[in-house]
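Quick look at what TrEMBL lists:
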- 6-24: transmembrane segment (TRANSMEM)
- 102-125: transmembrane segment (TRANSMEM)
- 140-159: transmembrane segment (TRANSMEM)
- 171-193: transmembrane segment (TRANSMEM)
- 223-243: transmembrane segment (TRANSMEM)
- 294-312: transmembrane segment (TRANSMEM)
Amino acid sequence: PYFLPCFISSIFTCFSITTAYFFLEETLPSKVLEKKLKAAAKTELLRSPSASSYGTLTPCITPTRPRDLSVDTPPTCVETPATKAVETSTLSLLLDQRVRNVLIAGFLLSFVCVGWETVFILWAYTPLSLGGLARKPAEIGYALSSTAFLGIFISLFTFPALHSRFGTKRIYVASMSIWPVVIVLIPLVGWLANTLRNRQVFAAVHSSALAKFYAHSPNEMLAIIWTGLVGISAISRFAGMAFSANIIMVRSAAPNQESLGSTFGLAQSVACIARATGPAVASSVFAISVDKNILGGNFVWVVLILVALYGVEATRRVEEEHDQ
């Protein structure tokens, strides 16, 4: 049953790799310089085929001056000494306060996001009596996929408009601040759904007019559950703008142009650690919370809220600009 979704995902991955290989240009300064030197050597060879000889081709050939020194013959190509790229080690990047702040904020953002995604699915599948929504896997998938289109719209239109008006830092802090709100809404919706369920049970057992007055019809209860499920997922798409802002922050935190690749690679490594540990930690805490009934099964939300609040504080420490 897992072959089709994995196959479709691999197709997108192969398409991305192919597109990047054939259509994206190299930006590493040393590779760009090497490409220019090879192009100059090839151009010089085509201009002066008689000057070529057996052996190594030089990228720049300067003809011998004539005996009459009063005649100034310009060289065919002026050799420009290549500026040696400043190599930045991983340790030096970690010692940079600006880079370290961005890495900490990115780690917390990825940890909260993947942790929320994991427990959100578990919570939606959990029975109403345990604080969940008792939804089927297909229904949870429909809710997530429907809000995915909202996420695409936000990335293409909403984020660029807000970024041009408010800047990267304010968008980063504001979008990260949405995560605690999203997490708080989960137990509230679960409490509301469980309350409505208890009222229905109470109305079924007691035939008094007061019990029937407080009870809700199954359709009304289902509408409230779906509103909460889709609404929380939709709000999380706005919180996802923090990832776009984080990429810009990583670019600004790079000490120089030559260390961009190292900085982005380090940021991706830190994010991958968070994505690897986040689901395991979040699902384990969720299971312990429900099984041991810690804080009424809400201990997992307290942990995620605290991590999200620390992430908000970490984003405030990130500096938007870096002297290049």
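One-based numbering along the chain as shown.
Cβ coordinates come from backbone N, Cα and C, glycine included.
Since the structure is predicted, the reported quantities are computational estimates derived from the model, not experimental observations.
The stretch with the most CB contacts under 8 Å to the transmembrane segment (171-193), chosen from 6-24, 102-125, 223-243, is 223-243. Away from its own ends, the transmembrane segment (223-243) comes close to residues 109, 113, 116, 120, 124, 133, 135, 140, 143-144, 146-148, 150-151, 154-155, 158-159, 162, 171-172, 175-176, 178-179, 181-182, 185-186, 189, 192-193, 196, 216, 315 of its chain (Cβ-Cβ under 8 Å, at least six residues beyond either end).
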